[in-house]
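Novice: Quick one: this structure, given as structure tokens, is what I'll be asking you about.
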Amino acid sequence: MFSQNTSVDTVRETGFIIGGFDTTKSPVVVGVVILIAYVVAVVANMVNILLITNDKKLHKPMYLLICNLAVVDILYTSSTSPTMIRVLVAGVKTVSYVPCLIQVFAFNLGGVMEMFALAVMALSRLLAVSCPFHYHSYLTNTRTLVLTYILWMVGFSFVSIFPVLLLPLPHCYSVLKYAFCDYASIIRTACVDPNYYFNIVAIVIFFLVFFTFVFICLSYVGIIFFVKLSSNYEKKKMVSTCLTHLIVVTCYYCPVFIISILTRLGVVLTLEARNGLIIGSILSPSLVNPFVYCLRTKEIKEKIVNMFKKS
């Protein structure tokens with residue numbers, strides 16, 4: 001058994017205890033729901049990746065971005081879901097020190113890349129609507145791959161701040177307050193004033209959330225402007241597409257904004273509310289994105305239908 005009070009050497013050797021679900025009613029039921037959502041999200045995104053990579057006709061900028069989004073969704077949901085499922089279903093609450101830090105890095109990398117991926121998808125839509133005849137000359141496969149690579153490198157750079165801040169800290173407690181290994185829960189176990197460390201990360205997160213969200217909103221304002229110049233059929237089609245995309249953006253950004261920004265401004269969340277928001281922000285985009293960005297795409301939908309006809 002771990003004690004509530006411990007030393008840094010003990011934590012580094014024996015790890016942490018995840019205590020975020022200690023007050024959860026029917027933990028097995030909650031765990032099974034998360035398990036089902038996780039499996040559906042991973043399978044749906046894997047299907048999209050395989051369909052795009054195995055069909056040369058789909059090797060186009062838009063589909064490369066969709067493929068990148070699917071990779072991000074798998075990373076994001078896989079960074080935390082197995083841990084939560086293990087805690088809730090199997091009752092295994094312990095996690096070693098190094099894997100815990102790796103989970104912090106993977107979770108935050110997935111979150112940052114989700115923002116970047118949604119922003120690039122919005123840019124792609126804007127170019128497709130505003131410059132339909134020059135879209136493929138502006139956004140070539142090579143430029144798309146280079147842009148994606150740059151965004152991943154930028155994501156790695158931003159997220160590296162988390163392990164850099166966490167590694168030197170001594171720990172007075174071994175019990176993590178939240179649902180998995182995240183930055184906030186580990187900081188709260190350290191023998192330091194957490195406000196300084198929270199404020200540093202809050203600035204970084206605010207910068208990322210604000211600029212990517214504003215960029216996405218401005219992109220859709222541009223799309224709406226150009227849609228006004230289109231035919232009635234195109235207007236209905238683009239309004240439907242933009243609405244579903246904005247639902248995805250809202251599903252991700254609202255919980256992130258509440259947890260990361262509003263709590264720094266004095267908003268107090270119960271443990272259950274925080275867990276619900278963060279689980280929703282992880283699973284919702286990963287579940288919705290494959291259907292919004294892929295099954296609504298004519299070529300992929302036709303390919304899936306043909307696969308079932310052949311079988």
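Each residue, glycine too, has its Cβ placed from N, Cα and C.
According to TrEMBL, the protein has these features:
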- 28-51: transmembrane segment (TRANSMEM)
- 44-293: domain 'G-protein coupled receptors family 1 profile' (DOMAIN)
- 63-81: transmembrane segment (TRANSMEM)
- 101-123: transmembrane segment (TRANSMEM)
- 144-166: transmembrane segment (TRANSMEM)
- 196-227: transmembrane segment (TRANSMEM)
- 239-263: transmembrane segment (TRANSMEM)
- 275-295: transmembrane segment (TRANSMEM)
Novice: Could you pull out which residues elsewhere in the chain have a CB under 8 Å from any CB of the transmembrane segment (63-81), counting only those six or more residues past its ends?
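Specialist: Non-local partners: 34-35, 37-38, 41-42, 45-46, 48-49, 52-53, 103, 106-107, 109-111, 113-114, 117-118, 120-121, 124, 141, 144-145, 148, 179-180, 182, 282-283, 285-286, 289-290, 293-294, 297, 299-300.
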Novice: When you scan the chain for residues with a C-beta under 8 Å from the transmembrane segment (101-123), skipping those not six or more beyond its ends, what do you find?
Specialist: 65-66, 68-69, 72-73, 75-80, 83, 95, 147-148, 151-152, 154-156, 158-160, 162-163, 166-167, 180-183, 186, 208-209, 212-213, 215-216, 219-220, 245, 248-249, 252, 256, 285, 293
Novice: Report the mean pLDDT of the predicted model across the domain 'G-protein coupled receptors family 1 profile' (44-293), rounded to a whole number.
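Specialist: Looking only at the domain 'G-protein coupled receptors family 1 profile' (44-293), pLDDT averages out to 86.
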